Amino acid sequence: MALFSRRKKSVDQPAADSASAEDTASETVDDAAPEPAAEPVPEVGISVQAFRGVGADAGPEVSLPADAPTPAAGPQAPVRPVSRSAQGLPSEQQSAPRLPLAPAMPPEQTHTTDGLIDNVLLREALGELQQGATNEQLLGVLRQSLQGHLYLRVHGDAREQISSGKPLSVGVVRDGERSFMLAYSSGRALQQSLQGVEDAAATSAIAQPTTAVYQQVISGGFSGIILDNSSAPHRAVFPTELLKKAVDQADEDMAIKAALAAPRDEQSAVRVVEALARTRSWVAVNDGSNGQPVGIAEAHATDGRRFLQVFSHPLEVVALGRKDTPMPFQPEQLAKVLGEHSEIAGVLVDVAGPSIAIERDALSAVLVLGIEIGED
């Protein structure tokens, strides 16, 4: 079987590039229903850190991103021989990783405001951003946002608006003809957004699944979303084109990522395996164009055991900074590879973190999919 080592290089796809713009410092927030504004409004620059594609210069402050091309999807490819990636398992990693990577274990579920449950993974990823954050770091924020929930700031009573069937009057930032939905990772970030707001007492909040929020941005005619806008420099903006690609490549419930982000217990591996058995995952494929052997990425434990690298989303592959291409893998394909390569000790899921290594004897829910039952 072909062997190759983990490489610390940035990759070009999938990513979204937006045009460069002049730095600006003023901003405004406008509360409106999640529909595109019909009337023109004065152009106001927004000072944020904008994701403009892996490998591009992000800059500490840029104006809101211009329309960006849609990232290219990972190509379909046949099952290929397993190849090796020279890295240990999560439990064998010594140093604490930094964005776009994260620790193998999910963070403790804490909150910053009584009564409001934080999206801790996203909160901590945003907390690592500083002035001059790279696009790779912003990519790390985006991938950590694809689980859990976001808070939306609503002008008026959110429950009343929902019960009456009205569209939520959510917080929006306008920049000329473009509008960006505001969303928050934590109670603290939400409170910071209310400081100095005259009608703060008339403002409520609602928590919604992140993927549902992103769908609202996509379908509502918004140009993108700003996360934790009032918490500079720990904030980020992502264009709608990038959100659409991220959502299109994700499973509806983000079952694998949700299981990895949850507090660990004796059933954690079971939940991940059940998700792998019913949900499309991804593998990292080297096509040989960089001089490395062709094959699917694999990790090695210090004792020599080999684990197939499996990913919940193509962004998880890109975050590793390798010249690998994300390839979709149906549960039956995963079962076939594991069945044909009995020397593989198990799977390593989302090595960029949070991650989990699952040994072969715990993968029965996946392996059974590769059993062919002949007819009499």
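Quick reminder: no glycine exception, Cβ is built from N, Cα and C everywhere.
All annotation found in TrEMBL is predicted automatically rather than curated by experts.
Look at TrEMBL and you will find 24-33 tagged as compositional bias 'Acidic residues'.
Per TrEMBL, compositional bias 'Low complexity' is recorded for 34-44.
As annotated by TrEMBL, compositional bias 'Polar residues' applies to 84-95.
For 258-364, the entry in TrEMBL reads domain 'SseB protein N-terminal'. Helix, strand and coil counts from DSSP across the domain 'SseB protein N-terminal' (258-364) read 34 helix, 32 strand, 41 coil.
Look at TrEMBL and you will find 1-112 tagged as region 'Disordered'.
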Average pLDDT across the domain 'SseB protein N-terminal' (258-364), rounded to a whole number: 94
